[in-house]
Amino acid sequence: GEPRKFDPKFRGPIHNRHCTDIICCVIFIVVILGYIALGVVAWVHGDPRKVIYPTDSYGQFCGQKNTLNKNKTILFYFNILKCASPVVLINLQCPTTQLCVSKCPDRFATYIDVQASYRYRPDQWNYFRQFCKPGFNNPRKSVAQVLRDEDCPSMIIPSRPFLKRCFPDFSTKNGVLTVANQTTFKDGRGKTRNVTDLREAANGINNVLDARSVGMKIFEDYAISWYWILIGLFIAMMLSLLFLVLLRFTAGVLFWIFIFGVIGIIGYGIWHCYWEYDHLKGIPGSDLTVYDIGFQTDFKVYLQLRQTWLAFMIILCGVEVIIILMLIFLRNRIRIAIALLKEGSRAIGYIMSTLFYPIVTFLLIAICISYWAVTAVFLATSGEPVYKVMANQTLCKYANLTCDPETFNTTNVTKFCPGAQCTFAFYGGESLYHKYIFIFQLANAFVFLWLVNFAIALGQCTLAGAFASYYWAYRKPADIPLWPLFSSFGRAIRYHTGSLAFGALILAIVQLIRVILEYLDHKLKGTQNSFTRFLLCCLKCCFWCLEKFLKFINRNAYIMIAIYGKNFCTSAKEAFFLLMRNVVRVAVLDKVTDFLLFLGKILVAGGVGVLAFFFFTQRIPVFAQEVPMLNYYWVPLLTVIIGSYLVAHGFFSVYAMCVDTLFLCFCEDLERNDGSTAKPYFMSASLHRILGKKKLSPKKA
């Protein structure tokens, strides 16, 4: 990178700014307005009842108020054997008549048996009739005609409602699948079938039903223990704050303890390998080579060879030497990294409000997710009912063609295909709006990604501005401006919305391509074309790397925007070249920061997790009486551990941003100033001391 022209009067984040990337800002605002319009259009056309309520063969909702089906909330399938799996039942339509009923059948019965006995067992007929088409009450009609016209189901089986649909009531008895303790049933067409046929028709439903009962128990556990979960998360918050505050005193100690611990463990490994190598001396067969014994599935065979232990010892010696050499050659850079970490802790101590900024980002992203999800549901349900011809005869040429239920009986279809019906198939449509619903869904997803990335970018730029104002304060904390976080947020929104939107747009495009690639990969899973799969795999890998690189560039570009107020491209270029001039420091700082923050997350989540485990398993005598009675104690335990990790991640993401900002400011400081009275360093005394021993000139930084 070429040396840049510097402002000798530079004193931290520039206040007299101008708007940057105005074109992108205008496009961003227009897109947001378009997104709102898309939401309104989807809301007008969509009907989420299509998702909430099942639809019968007549295109009516089950359980809808002010209709004949208001008390009939469950969908009943005439012949569930025609349905291959519950996925077909829920998403697509099953080629059998579907009817809204008030409750599912609770017994086995066939139409043949009920019709034969309706004179002396009218109660059976009355029970069976509620699963026939509304108004049908003609037990004298021949069985063949009833089944052809699908007036009644050929059989009913004990069922229970799931997702507002009747599914066979499966249970397992001594390892054998049963329905109401029976393994066989009559199908009403003269055959005796095995219950496993039903299982294939409702594949996997038993597991889902079990999951439903587990779900209810988990819900009960949350209802009882939410109070304690919140206390656990509050403790995690306090521990995270404590860890960040203590980092200024313990960062160096923690890092060196870990490094010497690793060196010690590897040293012990080398000694153990040598001991095993020496111990196997003279034992028959131990001098064979790996090549001699070839490939063995039992790994223990290799551990009886001296050559194996020699190889382990050489590898561990190599790793040990590399670590020690890195420590020797990078010791100064590691000291700078640790000093920056301590400085980061000090900066957060002065601007504590920054720790709670992630809540703003979280709320913005939650709004984006909610709006996207609601719009997606309304778009998906904005079709008109489409009816198709359903024929019992396999050779009917009209089968699966679209039809109109009002005029169906006047067409020729019923003459050519006796018993054919015009039944509801799915929601769709032929209008311009319905044709482009897929495009709208893609647009919905893209703008959602753009907005989420913008929310993250706004957070990064705001925090960078606040921490930069700390670094460029000559006398700390006296020169730190009032309300640094609020001022930085105002500057980012007022002047740099366009630049932040530009960075977010680039990321959103890459992420959308990744989503499409994942979708294609999912679709092509069944194909055997290995070249296509390989190509997709390469593309996925490349775009993953590209996204990681762009996130890194964007993050540092936002820091430069927060300091200098230049446009996105200029800031990204300056940040990139500044980092390239300090590439070793970047690598060392990155790894040291990652390690310490990962250690912090594990300590917080692990500490709170252990405490929660002892509490919920009643091992803390003081609180033994307070512990709620739970179905599964792991429910609140896992929630507390994962929640603690996320709380720690939220706080530590601010800290990571702080360290990155201070590092870029530090590099700028070294290039701008030389420590003289005319160009004094803005860095803290501890950083100055580390550099002061070498009296670095700006060029050799």
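Note that the numbers count up from 1, one per residue, in the order the chain is shown.
Cβ atoms are placed via backbone N, Cα and C, with glycine included.
Positions annotated as transmembrane segment by TrEMBL: 21-44, 226-246, 253-271, 309-330, 350-374, 447-474, 495-517, 595-616, 637-657.
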Does the transmembrane segment (350-374) come near the transmembrane segment (637-657), with 3+ Cβ pairs under 8 Å (pairs 6 or more apart)?
yes
Determine which residues of the chain contact the transmembrane segment (226-246) at the Cβ level, with the cut-off under 8 Å and only residues 6 or more beyond its ends counted.
345, 348-349, 355, 600, 603-605, 607-608, 611-612, 615-616, 628, 636, 639-640, 643-644, 647-648, 651-652, 655
Return the stretch with the most CB pairs under 8 A relative to the transmembrane segment (637-657), choosing among 21-44, 253-271, 447-474, 495-517, 595-616.
595-616
Of the stretches 447-474, 495-517, 595-616, which racks up the most C-beta pairs under 8 Å with the transmembrane segment (253-271)?
595-616
Tertiary contacts of the transmembrane segment (495-517) (same chain, 6+ residues out, Cβ under 8 Å):
17-28, 442, 445-446, 449-451, 453-454, 456-458, 461, 536, 539-540, 543-544, 546-547, 550-551, 554, 557-558, 561, 565, 567-568, 571-572
